[in-house]
């Protein structure tokens with residue numbers, strides 16, 4: 001937690017990364033790649049499901065629409081924990097933990113309960129993101145940066161769902 | 001070649017995430033309980049740089065937009081479902097794997113839940129296609145198109161508005 005960057009610096013660098021990503025991928029590969037992460041979950045889920053039941057993937061309209069397999073987007077999401085690991089090791093902030101402190105204050109330190117909570121939360125964010133068409137990076141960062149109408153509607157939805165439930169669960173205190 | 005570019009982009013992104021401290025559960029719950037706006041500040045400055053850069057690229061013809069379609073009902077309902085999951089999870093689709101890189105192992109269950117959420121969505125997609133996607137479908141629209149204004153002008157106005165909001169936040173000591 002010590003000597004971290006300002007969130008404004010981190011955000012500005014992410015904006016720059018988005019612009020460079022779009023420029024470089026369009027110039028090199030002929031199509032612009034905008035930062036976004038939730039599609040990667042579909043492509044990997046499809047890959048896993050294909051191994052278990054090839055038919056259910058072959059006949060599925062959504063997998064056909066989004067594609068299945070390892071591509072730029074999946075590699076992007078795989079790169080994120082690597083970059084975080086490098087940063088955390090360099091700054092001596094790497095620390096293994098199962099339960100976030102604030103979760104433990106509210107629900108106790110059971111790793112099993114936290115694992116269930118994380119699973120359910122993870123399920124809902126991806127399910128919701130796919131229904132909405134994207135996540136905070138795809139709709140928030142990339143969408144709003146393009147002044148896309150959809151981005152603003154989705155981001156409003158994130159807070160309409162998230163703020164009341166978080167206040168209900170964790171209360172309003174620092 | 002393209003997957004490698006994706007991986008490198010992801011590593012840089014994860015590095016930025018970790019240094020800006022937005023991989024923390026506490027930072028996300030802090031935003032949703034309106035007590036710590038680190039994640040919002042990160043997104044705001046990302047969009048300031050992103051909107052100026054992307055619209056400049058498009059205006060100069062260096063890279064095209066890639067707009068996500070507007071389906072008002074699906075965008076909003078999906079966003080709300082996402083928000084509910086976000087309040088339970090405390091990470092997003094990109095920061096959940098990122099948190100694992102910092103040592104937060106609960107992120108693994110979030111990713112697992114996310115993969116199941118993606119598969120569940122793929123199999124319920126026909127239902128949503130017949131229901132929510134039929135409401136408020138306007139296609140790939142952006143505000144410059146809706147308002148008949150030059151994108152770069154609107155990008156400058158929007159970035160200025162966000163900067164004013166950032167200065168307001170800082171002045172209020174939030």
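In case you wondered, yes, glycine gets a Cβ from its N, Cα and C as well.
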Annotated transmembrane segment segment (source TrEMBL; candidates B:9-28, B:109-128): B:109-128
Non-local residues, at least 6 beyond the ends, that sit with Cβ under 8 Å of the transmembrane segment (B:70-89): 28-29, 32, 96, 110, 128, 132-133, 135-141
